[in-house]
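These come from TrEMBL:
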- B:152-366: domain 'ABC transmembrane type-1' (DOMAIN)
- B:14-35: transmembrane segment (TRANSMEM)
- B:47-64: transmembrane segment (TRANSMEM)
- B:70-86: transmembrane segment (TRANSMEM)
- B:98-118: transmembrane segment (TRANSMEM)
- B:151-176: transmembrane segment (TRANSMEM)
- B:188-209: transmembrane segment (TRANSMEM)
- B:245-267: transmembrane segment (TRANSMEM)
- B:349-368: transmembrane segment (TRANSMEM)
Amino acid sequence: MSAVMPVDLPIDEEGQDELSRGARRADKIQLGATKRKLSSPWATAAALIIAVLWTIPTFGLLISSFRPRELIQTTGWWTVFENWGWTLDNYSTALQTGNSQLNMAGAFVNSFAITIPATVIPISIALLAAYAFAWMDFRGKDTLFILVFALQIVPIQMALIPLLQLFSQGTIFGFPVIEAFGSFGYAQVWIAHTIFALPLTIYLLHNFVSEIPREVIEAARVDGAGHGQIFFRLILPLTMPAIASVAIFQFLWVWNDLLVALIFADGNVAPITKLLAEMTGSRGQDWHLLTAGAFIALVVPLVVFLSLQRFFVRGLLAGSTKG
Amino acid sequence: MSDFFRWLSTLNPWLEIIVIVGIFLAVVGLILFFIEIAPRKGRMYTIIRLIACVLGPVLVLFLLQSWVEAMIAAAVLGLLFFFLDKRARDGAGSLFQLFGFLTPAIVLLAIGLIVPTIQTTVQAFMNSRGNTFVGFENFAWIFTQPANVRIVINTIVWVLVAPIISTIAGLAYAYFIDKSRGERYYKILVFMPMAISFVGASIIWRFMYTVRPAGSNQIGFLNQIIVWFGGQPLNFLAVEPWNTLFLIVVLIWIQTGFAMVILSAAIKGVPTEQLEAAELDGTNAWQKFINVVVPGIRPALIVVLTTISIASLKVFDIVRTMTAGANNTSVLANEMYTQFRSFEAGRSAAFAVILFILVLPIVIYNAVQLKKQREVR
């Protein structure tokens, strides 16, 4: 999580296309005056080189994950045409490897069991709060909102250990506050992710929710709708695309997280990132397992990213990333 | 509540997802229901409201821990709240609605961020068992051990190098591909590492860096390149002090896509008239870039730089997975976890506090910029 301010930028990918199309047309009229610098062969070449450089690492991993064990250990993946050989064994072996409590296949399922609730819960809670901050009047509203926003400066490292004590012993400063539930399943990971996501999510959703025209809300109020109905009938449908952007972020962030998982997800509820990190420590040279394992962990975020890229970019441009 | 979680943990994970999400959404639905009927007139609504006011706090406390006294206190508070609410400024039910919307978030933030931050700060001045006040001993320990000083320096190197290089690379790329054919696909290629976890990226790069003894076939691509050029294979992760830079490469690889997307959108926002005006003045491409485009995207540049700076300050996964801090590559976040694992709670907290202090100025700068922007508008 990080404190980031909003950027005022054209938000939609479509809008961007539209804009660039318009610009291109204008360029043509101007005899390509503006366009010349952009289509310079040097720039194109440089772009191509960067694109290739950025893709090679992932590409090499993908190729390697399908090569037989002996070939990975002795030859580079770029010699794949000279040393021909393909297999799916790495994947089936990788899915079976793990520690005494859990294998990769189980960890993959765990990742879903952690990520889906840890996406739905914070976004619902944040949306409630965002609505109150945007459309309800109360004393100290601005102060409270700035306070919530400012909480982003707290690195989650500051909160980990006390939160762990709260979950496992039920104590704050040594005083019993709640019933301890430390060792039961995913509960503490859900709650931890929910809490850490709230400041940024409330801020982002507030930006979107407050953009709804005042007249729309007022018209609904005149028609006799209460806050509950406005929230349910107006806010929810109107901000659905924004909610989707934020949800994709949260999903990717939770899926890819390691730190929270290391502290809160022990034993048989560990997500795939934790198992992978463990495997790099203990079997760091077993490249046939590591490449396949890494690809299993990559595939879900990659599919989400590639299929929902439009929303993802919109979320980014709304002024956010978590790091 | 612990009984509920215990029961939940016996289910199949997929069923668990459905049950917890279902129950949670039902609770949110209930809150919204009460919010909706809160301002309505009529005896029945009053009674429902009264029940909600008292039952809500009681139920929460019952779920957390069954304290009779606490429940009575909650019930009294609930009643008080009910009567306050009836006389509230904005009419009956308004306070109730406000609490319904805000309480879940505020309570979680208070329990999960505000209180722990205070606790960690206190912990930083305690001994490893957390029962004796030791003053600045933990901090003194950090700044007198050469290995620890190295950790702080490493973190600073991360913050100096990663944001600048990824921003420059992202900006160059965004500018090069701007309005070119197939811009979309170019973008996806560089943006893709954003979706990959730091752990996954670390494995990818460990593979790139793998070394095998000189003379045998290399399987790490970078070492192969070195060999092709006639060099000796290099154990990238063991050569001090450069190994920290080789770790930073991974973060740069991930963050360039982010910088590129934000900056690309900003570049498209630079007015065409300005570019054309510069063109008419006879500037060359480089001058146009420096004098027109860069000033035009200044706010976006600041956003990108701050975001990546904060990410590099807090970097943990990459160091943990690639070297686990061996060969003097450790950073604050990693060392904080290492100390926590070896039951040195005080030292761990001290590292967290240093991290917090380092993040602070970046965020304050950010806030000042935001304020300035607002004033200009």
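Placement of Cβ uses the backbone N, Cα and C atoms for every residue, glycine included.
Contact between the transmembrane segment (B:98-118) and the transmembrane segment (B:188-209) is not supported: fewer than 3 Cβ pairs lie under 8 Å, counting only residues 6 or more apart in sequence. Cβ atoms under 8 Å from those of the transmembrane segment (B:188-209) belong to residues 170, 173, 219-223, 236-237, 246, 249-250, 253-258, 260-261, 315-318, 321-322 of the same chain, restricted to positions at least 6 beyond its ends. Beyond the ends of the transmembrane segment (B:70-86), by six or more residues, the same chain brings 38, 49-50, 53-58, 60-62, 92-96, 99 to within a C-beta distance below 8 angstroms of the stretch.
Listed as Cβ neighbours of the transmembrane segment (B:349-368) (distance under 8 Å, sequence separation of 6 or more from its ends, same chain) are residues 117, 120-121, 123-124, 126, 138-139, 141-142, 152, 155, 159, 302, 306, 309-310, 313-314, 332-333, 335-336, 339. Same-chain neighbours of the transmembrane segment (B:245-267): 157-158, 161-163, 165-167, 169-171, 173-175, 177-178, 187, 190-194, 196, 198, 201-202, 205, 209, 236-237, 293, 296-297, 299-301, 303-304, 307-308, 311-312, 315, 318-319, 322-323, 329, counting only residues six or more beyond its ends whose CB sits under 8 Å from a CB of the stretch.
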